[in-house]
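Record features, source TrEMBL:
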| type | residues | note |
| --- | --- | --- |
| BINDING | A:Thr152, A:Lys178, A:Thr189, A:Glu275, A:Asn401, A:Ser406 | substrate binding site |
| ACT_SITE | A:Thr189 | active site, nucleophile |
Number of protein chains: 2
Amino acid sequence: MEKFQVFDGDITSPKGFKACGIHIGIKKKNKDIALIVSDVLAEGAAVFTTNKACAAPVKLSKENIQGGKAQAILVNSGNANACTGKEGYENAKKMVEAAAEGLNLSFESILVASTGVIGVPLPMDTILKGINKATKVLSYEGGLDAAEAILTTDTGVKKIAVSLEIDGEEVTIAGIAKGSGMIHPNMATMLAFVTTDAKIKGEFLQKLLKHAVDRTYNMITVDGDTSTNDSVNAMANGMAENAMLDENHPEIDKFKEAFHYVNEFLAKTIVADGEGATKFLEVEVQNSKSFADAKDIAMSILNSNLVKTAFFGEDGNWGRIVCSIGYSGVDIDMEKVTVYLGNENAMLKIVEEGQGTAYKEDEMENILKHKKLKILVDLHAGVEKAKGWGCDLSYEYVKINGAYRS
Amino acid sequence: MEKFQVFDGDITSPKGFKACGIHIGIKKKNKDIALIVSDVLAEGAAVFTTNKACAAPVKLSKENIQGGKAQAILVNSGNANACTGKEGYENAKKMVEAAAEGLNLSFESILVASTGVIGVPLPMDTILKGINKATKVLSYEGGLDAAEAILTTDTGVKKIAVSLEIDGEEVTIAGIAKGSGMIHPNMATMLAFVTTDAKIKGEFLQKLLKHAVDRTYNMITVDGDTSTNDSVNAMANGMAENAMLDENHPEIDKFKEAFHYVNEFLAKTIVADGEGATKFLEVEVQNSKSFADAKDIAMSILNSNLVKTAFFGEDGNWGRIVCSIGYSGVDIDMEKVTVYLGNENAMLKIVEEGQGTAYKEDEMENILKHKKLKILVDLHAGVEKAKGWGCDLSYEYVKINGAYRS
């Protein structure tokens with residue numbers, strides 16, 4: 001029997017969550033304000049960008065999440081309110097004040113996120129009017145509108161919903177995200193918002209979210225740049241009325257698995273939508289001394305421009321993969337390293353004991369024609385592992401990010 | 001009065017150095033074996049790649065430099081002898097044995113370096129015959145041939161020579177290098193070889209070289225990938241007959257400056273020859289708490305694909321620069337950061353207190369038209385600083401490294 005079911009839902013699928021997504025005029029067209037609200041005060045959890053140039057809304061949300069509770073998440077797209085100094089911080093506060101007033105909630109119970117152009121002051125009149133309007137159009141069917149309203153350069157909505165049984169009660173976990181595509185004149189952001197009606201201990205939810213972020217959103221890369229606004233927020237309102245979830249709950253593993261699935265799905269969807277990407281790459285590093293070692297090697301491979309351009313050229317360049325493993329900073333014995341390259345159908349051993357194998361060129365060419373490729377690295381050094389996801393580096397990437405003037 | 005003079009010389013300009021560069025058939029055409037030999041046993045110093053997948057010649061040279069002495073450097077291009085396992089190591093030994101026999105020198109006095117395709121066994125018959133031939137055609141005018149023989153995808157020879165007076169004696173320092181351009185099917189390498197007739201303490205030469213490498217070759221990036229073969233070797237044979245140079249020599253600063261100039265010149269020449277580069281970027285980070293902080297920030301900016309593509313698009317994207325400073329991992333107060341962008345003629349303040357300034361768009365456009373650009377970052381946090389050099393990311397880069405099949 002399946003542990004959980006994926007279904008065509010969104011962040012308003014869990015019990016007691018309303019949302020909306022509307023166009024208020026920050027962008028010329030398309031929805032640019034999203035509001036996600038729980039009927040009751042929820043357990044809140046959040047993980048933010050480590051970028052020292054973090055944006056004003058990130059600073060404010062870090063303060064508001066301190067209590068471990070949240071009832072609403074306010075998001076605007078079109079302007080990141082980053083590198084905007086003290087005025088930007090005051091503007092983020094005004095946004096939350098407007099939402100608190102319209103929703104009749106406490107200031108501290110509201111998280112805020114922004115994405116879009118950085119270094120440009122927010123159009124506050126437009127935004128405050130828009131927030132007020134948003135508080136009036138919330139609905140239990142508004143999840144999809146919210147999913148649309150947080151997008152910037154994304155080519156499509158990123159959403160997922162799963163349901164499972166805990167203590168005989170139906171529990172739903174859902175999420176939406178926007179991608180880390182880069183846009184002129186400045187970088188966009190990776191945002192993800194997760195809602196669930198599960199009853200779960202607040203500090204345990206934070207632990208689960210941090211663990212999931214480290215293994216999903218922090219394991220994807222389009223160009224290795226960490227934005228000023230990256231945020232992942234979760235709200236759990238307990239309305240499924242299961243027995244309180246924590247380490248000791250008999251069905252906790254089932255919940256963990258479903259919660260992780262939601263975040264991994266959103267993370268992979270972001271990479272698959274990476275700018276100019278023609279290949280989707282999954283790197284799995286096995287039998288490492290630690291998770292950190294496996295993670296560093298996976299990200300070293302995925303961030304290598306030489307590996308990325310090789311895959312764009314449909315060249316199974318094992319030498320560049322070995323090289324990127326070698327300079328990952330991880331202390332390994334290259335003579336023990338095995339590397340496989342393939343897809344869901346076939347895996348080809350391309351490196352053994354640190355050296356290239358005599359694989360058949362035509363087999364390699366058949367594998368490289370696929371859009372989804374997998375690199376499996378076995379370090380033969382321990383029992384830990386990590387998975388990461390990335391994409392190739394194409395002309396289109398350079399064009400989108402560099403040659404928009406021509 | 002100038003401290004040192006740059007002149008049109010090469011590695012055979014210092015007294016007592018012979019060299020040659022010949023074509024023996026590792027490559028289809030062009031010189032592929034270089035030999036640099038001192039008339040007397042010299043003080044030797046070397047710094048090697050930190051890549052765990054370091055090549056066989058690197059492993060062997062690390063052993064031979066242990067004694068701190070060297071009399072010859074043997075280099076082949078066309079094949080990197082990397083990821084070639086135990087056979088590769090044995091082949092590197094055979095190369096040194098052949099040179100030792102032909103030159104009548106001890107095995108330990110010879111350093112070896114290779115560059116080119118990796119993962120392919122060396123054509124040993126060709127190479128051993130070639131080495132024997134090379135030992136017979138050494139000359140005091142062979143420096144330029146050697147400079148040519150170490151090249152791979154480089155578009156031109158990289159050489160420099162300077163002379164200065166120490167204790168009234170003329171001392172000459174010279175160097176050659178090859179670039180870190182990437183070549184199908186695998187990565188090439190950064191190699192540099194420095195010769196000088198200065199009399200200098202061995203361990204002091206090693207200290208000077210390490211210091212120079214950290215501030216020159218380790219401060220350049222074309223795509224951030226560290227090769228399996230990177231090596232910088234230096235020989236000082238003492239034939240200038242100056243008084244022994246060490247920390248306490250009254251003219252040591254003059255020598256240090258000249259020695260540093262040689263290495264910085266070669267490093268910058270390598271970057272200027274970066275594949276597909278249309279812009280040459282110098283980043284200087286000032287007033288940091290430590291050199292390491294300044295270095296990490298400079299390299300974070302220079303390795304950012306978003307910054308690189310922005311400059312390719314002639315877009316002075318201060319937001320991407322601030323972002324790459326923010327995720328450098330260095331603990332800084334962004335509110336104190338100032339950033340200038342410009343060239344030798346003009347520097348434009350684009351960021352103040354972490355925020356964009358109201359610079360004139362046309363001034364920015366004029367600056368961005370130049371091929372050589374400079375980014376100056378002031379952290380207002382300390383007294384240390386670092387300089388780094390890089391290039392933009394162009395269609396051509398993607399083509400050279402990814403689309404060579406089309």
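Glycine too: its Cβ is placed from the backbone N, Cα and C atoms.
Just so you know, TrEMBL annotations never went through curation; they're auto-generated.
Known features from TrEMBL, placed on the structure.
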residue: A:Thr152; record: substrate binding site; CB count, 10 Å: 23
residue: A:Lys178; record: substrate binding site; CB count, 10 Å: 29
residue: A:Thr189; record: substrate binding site; CB count, 10 Å: 28
residue: A:Glu275; record: substrate binding site; CB count, 10 Å: 22
residue: A:Asn401; record: substrate binding site; CB count, 10 Å: 28
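Proximity to chain B (Cβ-Cβ under 8 A) holds for A:Asn401 out of the binding-site residues A:Thr152, A:Lys178, A:Thr189, A:Glu275, A:Asn401. DSSP assigns A:Asn401 (substrate binding site) to a helix.
Classification of A:Glu275 (substrate binding site) by DSSP places it in coil, neither helical nor stranded. The secondary structure of A:Lys178 (substrate binding site), as reduced to three states from DSSP, is extended strand.
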